[in-house]
């Protein structure tokens, strides 16, 4: 009975022992039936007086002995290889004795079922031996019948031919079947070897698939985790990109403000250049004025020195005039005194002295007037002296101031020269600043262009990040689906574990 194991049939008769058991049972059953028939025929023939007692006395015990031995061997070892041989040999002995001692056709053809059963052994040698044995016995039997003259020769020959053809057919069928079985068996073996190779390859592939599926499952898990991380990172990148875009927008506004400030600075720088140029021109004009002032100061100093010299001379002259005025005042006093004396003397002279007295009075009056005028002149001279002293003092102070002014003018001139140098340096620096501001404006324009391009690129990156995020989510879903498929494949490959171990 076939057994089913996980959908596969275990072939019961694939084992030789099982085949031997069935063949032995079948042959034992067949020979037992024939032995029973032989005994029945022998008893009948003996009862009808067709045969003597000797033949049944020999064959019936042989049949019983053969049956007993065969049954004992079968019971003890039903899969025995020698049971078939023993059963056939014992049968062929009984058959040969029975055939040669009996003239019925029943015995002659009774060998056919047994020899037909021999085909089951797929043993060409065994079939050839028993067919040859049976053929020889039948030929001897036919010769004996012909020699006895008790049967129809033609009928006997026909029966012999039929028996020989049957035996030959049994042998040929066995031989051809053996060849077919041999070829089929070795074809099956070849196919089995091929299948073994295929199974080994399949098992190797299954092992590789199992390992690969397991690793792929792990990779899919890692990919899923990585996809989640990438998706999260893409979200962060998208948020960062958006923040960057906002910052870029703010930077764009700030850059425009910087550009405006740079433009205003350039305008102020241009004005500074213009102012510096005007300042340089003013400094140059101031230097020219200072040169003129230096000349005027020198001229004033020279004039003041001349004035001081003239005032000194005037002061000296005034002193001389004052001395003269003093002398006149003294003369006037003396004249007045003389006029007084003359008046006194004229008064003493009386009438004679009246004329002289008038003259003396006039002289006195003139002397008095001279004295008064001299005093006035002295006062005026004193005042002139004082004024001259003050003028000299003021002129000296003016000279000192003029000298100080000259020094200040010199210092101012030096300062103007320094300012002129500084203004020239400042003008150079302002020109450099103007150039740098122009370059800065150009660089700022490039920055504005770069920021514009960066803003566009950031927008593209944001869009790409969103697309990548969507693709990443789809990949995550697909990786989950792939994980399920790989899990199914892994579960399927586990069915090979019983073959791999």
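Backbone N, Cα and C atoms are what each Cβ position is placed from, and that goes for glycine too.
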Item to check | Per TrEMBL record, range annotated transmembrane segment [choices 82-100, 158-176] | outcome: 82-100
Next on the checklist: Short question: most Cβ pairs under 8 Å with the transmembrane segment (53-75), which of 26-47, 82-100, 106-122, 129-147?
Outcome noted: 26-47
Checklist entry - What parts of the chain pack near the transmembrane segment (26-47), using Cβ distances under 8 Å and only residues at least 6 beyond its ends? => result 53, 55-56, 59-60, 63-64, 66-67, 70-71, 74, 83-84, 87-88, 90-91, 94, 98, 102, 104, 106-107, 110, 113-114, 117-118, 120
Item to check | Per-residue pLDDT averaged over the coiled coil (426-460), given as an integer | outcome: 75
Checklist entry - Taking a Cβ cut-off under 8 Å, which residues six or more beyond the ends of the transmembrane segment (106-122) line up next to it in the same chain? => result 19, 23, 26-27, 30-31, 34, 37-38, 41, 84, 88, 91-92, 95, 98-99, 130-131, 134, 138, 141, 159, 163, 166-167, 170, 173-174, 177-178, 181
